[in-house]
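J.: Below are the features I grabbed from TrEMBL:
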| type | residues | note |
| --- | --- | --- |
| ACT_SITE | 39 | active site, nucleophile |
| ACT_SITE | 151 | active site, proton acceptor |
| DOMAIN | 6-164 | domain 'PNPLA' |
| MOTIF | 10-15 | motif 'GXGXXG' |
| MOTIF | 37-41 | motif 'GXSXG' |
């Protein structure tokens with residue numbers, strides 16, 4: 001069997017669709033050996049790499065009251081203090097180390113001081129996960145090795161690179177598409193800034209999507225708000241239901257490549 005990896009993009013709550021996809025893969029008997037992720041993709045990927053089921057991973061997000069007053073920042077450059085989420089992460093990752101995960105995981109962060117994206121796959125885990133999901137200006141950046149790091153999706157929202165040297169088959173899950181909008185959709189300076197950031201990010205991501213052997217980009221996910229916790233289950237369902245439709249095509253591709261010659265039986 002050829003080594004298979006999966007790339008999980010950022011996208012906030014949209015990232016719950018990754019878990020729906022992984023549930024469909026598991027039900028179909030399709031396995032992957034390693035994971036790379038940015039932002040929400042890093043969090044979902046870490047939970048799966050730690051051995052949690054898609055449903056258990058979903059509960060991680062549903063049980064965390066992101067906008068509780070407790071998490072608000074009083075002295076850091078962000079509305080919410082990312083460090084205050086550490087106890088939540090410690091419940092799911094008590095050993096706090098990449099090396100204790102059940103399968104290899106690569107996570108991207110953005111070094112705000114150098115302007116470069118960095119890949120992490122060894123050492124302390126929680127700090128990296130908190131940094132990778134620290135979307136400015138909502139979440140304050142984290143210190144890693146003395147430097148401020150923020151959301152991995154800023155500079156690399158689809159980190160396919162760590163898989164290319166070691167995996168013969170690369171699956172991709174992209175949940176942050178760019179859809180046409182009208183002037184009525186942009187009414188505030190924040191909306192202008194977010195739209196501009198999304199366009200710049202997609203310009204970087206678009207050519208990398210073609211470097212996957214099979215790409216999942218579920219229709220309908222664009223309607224999910226990045227921070228809208230009320231639609232967590234809906235995002236999961238969008239990923240799961242669309243993935244089920246894609247499974248016959250993926251199986252055909254894998255069998256053709258002699259990756260899973262018996263999986264359909």
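Glycine too: its Cβ is placed from the backbone N, Cα and C atoms.
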J.: Do any residues, 6 or more residues outside the motif 'GXGXXG' (10-15), come within under 8 Å Cβ-to-Cβ of it, and if so which ones?
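T.: Beyond its ends, the motif 'GXGXXG' (10-15) has Cβ neighbours at 37-44, 61, 135, 151-153, 157, 175-176, 221, 224-229, 231-232, 235.
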J.: Provide the three-state secondary structure of residue 151 (active site, proton acceptor) computed with DSSP.
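T.: Looking at the DSSP assignment, residue 151 (active site, proton acceptor) belongs to neither helix nor strand, so coil.
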J.: So among the active-site residues 39, 151, who's got the most Cβ atoms within 10 Å?
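T.: In terms of Cβ crowding, the pick is 39.
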J.: I'd like the per-state residue tally for the motif 'GXGXXG' (10-15) from DSSP, helix first, then strand, then coil.
T.: 4 helix, 0 strand, 2 coil
J.: For the motif 'GXGXXG' (10-15), would you mind checking the mean pLDDT of the predicted model?
T.: 95
